[in-house]
Amino acid sequence: MTERTNLLGLDLQGLEGFFVELGEKPFRARQLLQWIHKYRIVDFAEMTNLSKVLREKLENVAEIRLPEVMHEHISVDGTRKWIIKLSCGNAIETVYIPEGGRGTLCVSSQVGCALTCTFCSTGQQGFNRNLDAAEIIAQLWIANQALDKDPKGNRVVTNVVMMGMGEPLANYANVITAMNLMRDDFGYGISWRRLTLSTSGMVPMIDKLREDCHVSLAISLHAANDKLRDEIIPLNKKYPIAELLAACKRYVVGQQRRHITVEYVMLEGINDSMTDAKDLVRILKDLPTKINLIPFNPFPGTSYKCSSRNKIVRFQQYLIDQGLVATIRKTRGDDIVAACGQLAGDVQDKTRRTERLAQQEVVFHQ
Ligand code: SAH
Ligand code: SF4
C-alpha cells in the first residue's frame with residue numbers, strides 16, 4: 001500500500017497542488033486549511049462542506065497525522081511545556097509563555113542542533129535530524145488545542161518565536177512551509193510582526209528569507225568581537241560579525257518600521273564587561289535594533305555562569321544611555337526547565353553525527 005499524504009504539513013500552495021493532482025478544484029485547499037488549522041478537525045468525515053465522494057477519496061489517499069504528546073508540564077508562572085514524541089523515537093520540546101495579553105509559543109525546528117554553540121544545551125546534545133513541516137506546525141496545533149481545552153482557558157497563542165531546539169535556517173524549506181501556515185489567514189493568521197525567526201547567523205539564508213517569507217528577524221549575537229564569537233558560536237568562523245550585520249542591514253532595507261532583535265546572552269566574565277558594552281554600541285550604531293539581554297540559563301555539565309543582576313542592569317543602562325533600545329529577558333518556567341537554551345528533548349541516535357554534520361555543511365555552503 002502506498003503511504004498516505006499527511007496534509008498537516010502542506011501550506012496553501014502545497015494543498016492546491018495536491019488537489020489539482022487529485023483532479024479537484026484548487027479552492028478545496030482553503031477549505032482544508034480551515035478544517036485542519038482553525039477548527040482542528042482531523043477526521044475527513046467531519047468536514048461537512050466537502051461532498052461524501054470527496055471525503056471518501058481523501059480517506060484513501062491522505063491523512064492528518066499528529067505526533068504524540070508525551071508530557072505536558074505547567075509552571076507556577078503559567079508557562080507550559082510539551083514534550084512531543086516523534087516517530088523516530090526522539091522527542092522535542094515546545095514552550096508557551098503567557099504575558100499580559102499575549103501568549104508566545106517557542107517552536108522547535110530540529111531534533112538537536114549541529115551548530116555546537118558552547119552555552120546551549122541543545123547544541124551540546126548534537127544533531128539528529130530536521131523536523132518536517134508537519135512536525136513543526138503540529139507544535140502550534142497542539143498548543144492551541146491544549147489551551148482551548150483548559151477550563152480556565154482564556155489563553156491563545158498570539159505570537160510565535162522560532163527559538164526552540166535547532167537552527168531554523170538550517171532546515172529552510174520545512175520552516176518556510178510551516179511559517180506560511182502560521183501566517184495564512186486560512187491557517188493561523190499570525191502577522192509577520194508577531195512571528196519571529198531567530199538565527200545564529202546563517203548569512204546566505206538570511207538573504208533568502210528576505211526574498212521568500214516576510215517575518216521578524218532575531219540574531220543571536222552574544223559577542224561584540226570575532227575572537228570571542230568564534231569561540232562561543234563556531235558558525236562565526238564562516239560568517240563573521242561584519243557579514244552578519246551587513247545581511248541584517250539588507251534585511252531591513254525598505255521596511256521602515258522593521259528592526260532586528262539582537263539577542264545577547266549574559267555570561268559572567270566572558271562577554272559582560274563595559275568594554276563589551278562599548279564594542280556592542282559601536283558595531284550596532286547603523287542598524288535599527290532592539291537588544292534583548294538574556295540571563296544565561298545553566299544546564300547540567302556547563303561551566304558558564306550567569307552574570308550578576310547588577311552587572312546585567314549596568315550593561316543595559318549603558319546601552320540605553322548610548323541611545324540603544326535594550327531590555328532584559330524575563331526568565332520563565334524555571335521550575336519546569338523551560339527557559340531559553342535549556343530545551344534538550346530526547347535526542348537519540350547520534351552515532352552518525354559526523355556524517356550528518358557533513359551533510360549540514362553542504363546546506364551552509366548553498
Ligand atoms: N538556533 C537559533 C534559535 C534557537 S536558540 C539561534 O541560535 O538563534 C534561541 C535563543 O536562546 C538564542 O538566542 C540562543 O543563543 C539562546 N540560548 C541558547 N542557550 C542559552 C542558554 N543556556 N541561556 C540563555 N539563552 C540561551
Ligand atoms: Fe543551535 Fe541556536 Fe543552540 Fe547555537 S544557540 S547550538 S544555533 S540552537
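Every residue, even glycine, has its Cβ placed from backbone N, Cα and C.
What TrEMBL says about a protein is an automatic prediction, not a curated fact.
Classification of Glu93 (active site, proton acceptor) by DSSP places it within a strand. TrEMBL lists Glu93 with the feature active site, proton acceptor.
Look at TrEMBL and you will find Cys340 tagged as active site, S-methylcysteine intermediate.
As annotated by TrEMBL, [4Fe-4S] cluster binding site applies to Cys113, Cys117, Cys120. For Cys117 ([4Fe-4S] cluster binding site), the count of additional Cβ atoms within 10 Å of its Cβ stands at 21 [all protein chains shown].
Annotation source TrEMBL lists S-adenosyl-L-methionine binding site at Gly166, Glu167, Ser198, Ser220, Leu221, His222, Asn297. Its own atom aside, the Cβ of Glu167 (S-adenosyl-L-methionine binding site) has 29 Cβ atoms within 10 angstroms in the protein chains shown.
What TrEMBL lists as domain 'Radical SAM core' is 99-335.
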- Residue pair Leu221 (S-adenosyl-L-methionine binding site), Cys120 ([4Fe-4S] cluster binding site) - Cα distance, angstrom, rounded: 13
- Round to a whole number and give the Cα-to-Cα distance in Å for the pair Glu93 (active site, proton acceptor) and Gly166 (S-adenosyl-L-methionine binding site). 11
- Task: Filter the recorded positions Glu93, Cys120, Ser198, Leu221 down to those with CB closer than 6 A to an atom of ligand 1; keep them in sequence order.
- Result: Cys120, Ser198
- Query: Quick one: which of these binding-site residues, Glu167, Ser198, Ser220, His222, Asn297, have their CA within 10 A of Cys120 ([4Fe-4S] cluster binding site)?
  - Reply: Asn297
- From Cys113, His222, Asn297, which binding-site residues have a C-beta atom under 6 Å away from some atom of ligand 2? Cys113
- Annotated S-adenosyl-L-methionine contacts Gly166, Glu167, Ser198, Ser220, Leu221, His222, Asn297, maximal Cα-Cα distance (Å, integer): 18
